[in-house]
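Structure, as structure tokens:
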Amino acid sequence: MHRLFINIAPLTTMQLPVMAEVFYAKNVDHILEFFNKLEKGVKPIILGGGSNLIISPEIKNRPILKMEIMGIEIISNERDFVLIKLGAGENWDNFVSRACATNLSGIEAMSAIPGTVGATPVQNVGAYGQEVKDTILNVEVFDIEDKKIKILTNVDCKFSYRDSIFKNEGKNKFVIISVTFKLLKQFPEIPKYVDVKKYFIENNINNPSLIQIRDAIINIRHTKLPDPKIIFNTGSFFKNPIIDKNEALKIKESYLDMPSFTVISNANIENKSSNSIYEQVKIPAGWLIEKVGMKGYDFGKVATYKNNAIVLINKGDASYQDIINAKDKIIASVYEKFGITLETEPEFVN
Ligand code: EPU
């Protein structure tokens with residue numbers, strides 16, 4: 001198996017400099033070889049597209065397994081749906097693009113999200129009303145303890161808002177090898193988001209095709225999220241906090257413009273409605289950060305993005321500690337003003 005001792009900054013979209021040994025897994029045998037040779041007590045780091053990781057230089061002695069298992073296989077082609085199995089190392093957006101081009105729906109609103117297919121179940125990637133949990137049939141994993149390949153069903157994955165088994169009890173236990181998706185042949189639901197609706201009105205599109213929905217999402221994301229190839233970032237840096245209805249009502253007394261999203265049970269089904277508040281509500285972290293005056297805020301080597309306060313950017317030569325410092329300042333400021341503790345969205349590896 002191919003291995004290198006390198007600066008892994010280019011392997012992550014936040015581009016923080018860290019020296020580490022990287023092993024490239026192109027198949028299951030490589031994964032087995034990697035774990036067979038791993039010294040006892042050493043915890044490896046599994047890397048996909050690196051678009052949701054903040055890696056500390058302290059990991060020096062932890063080897064990195066870079067997942068490069070490729071392959072796209074149609075498992076079953078039925079009248080109403082298709083089951084497609086993809087290697088964990090496949091590029092997510094290439095998959096979305098191909099699905100749209102072949103009229104398969106279910107993932108079009110998750111266009112232009114950086115990263116690999118194998119990383120999407122970890123944080124239950126979502127955008128514009130779609131979440132990967134709604135299309136994932138199962139996830140094939142390598143169990144590090146008994147070195148066996150297992151299949152986790154959708155239910156086994158314990159998906160919820162930006163969360164899954166892979167961020168909790170399955171952390172350091174499973175390596176995701178492949179993901180099987182169920183995509184539908186039926187016409188897609190048009191995302192209900194205001195920005196998407198506005199885009200179709202402005203462009204005189206009445207019945208958008210999958211490709212037109214994809215184009216709309218790409219355009220909208222472009223205005224709100226910086227291209228990680230040009231501006232180093234990990235997308236949303238914070239989760240949108242879900243708070244009690246009464247707590248939200250109190251804030252709304254002082255801030256009539258506060259956007260809020262209804263959350264129904266388990267905190268994972270949402271309906272966008274900016275004025276009505278029910279049992280629990282999701283408040284956009286970007287709005288909270290903007291209200292404490294930290295949109296486009298310069299922390300030195302780190303800043304919040306000028307068009308979207310939820311995105312933290314590495315201006316070029318930031319360190320892990322610079323990111324931590326900026327994050328702590330944002331959390332403290334939001335807490336001081338609103339009494340809400342923001343949680344980070346990317347995974348911290350140290
Ligand atoms: N807002 C502000 N100021 C800001 C940023 C946002 O007031 O600086 C307000 C917006 O006006 C809007 C609301 O906050 O009313 C929500 O903003 P937006 O539609 O941009 O979405 P978001 O809640 O910030 C979430 C996901 C994104 C996903 C979009 C679209 C999370 C943590 N983030 O962002 O996912 O693309 O919705 O569905 O749930 C990611 O996970 O990395 C990610 C980019």
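Every residue gets a Cβ built from N, Cα and C, even glycine.
Automatic prediction, not curation, is the source of TrEMBL annotations.
As recorded in TrEMBL, the features of this protein are as follows:
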type     : residues : note
DOMAIN   : 15-186   : domain 'FAD-binding PCMH-type'
ACT_SITE : Arg162   : active site
ACT_SITE : Ser236   : active site, proton donor
ACT_SITE : Glu345   : active site
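Here the domain 'FAD-binding PCMH-type' (15-186) has a mean pLDDT of 96 out of 100. Arg162 (active site) is 11 Å away from the residue listed as 'active site, proton donor' when you measure Cα to Cα. According to its DSSP assignment, Arg162 (active site) is coil. When the alpha carbons of Glu345 (active site) and Arg162 (active site) are compared, the span between them is 8 angstrom. According to its DSSP assignment, Ser236 (active site, proton donor) is in a strand.
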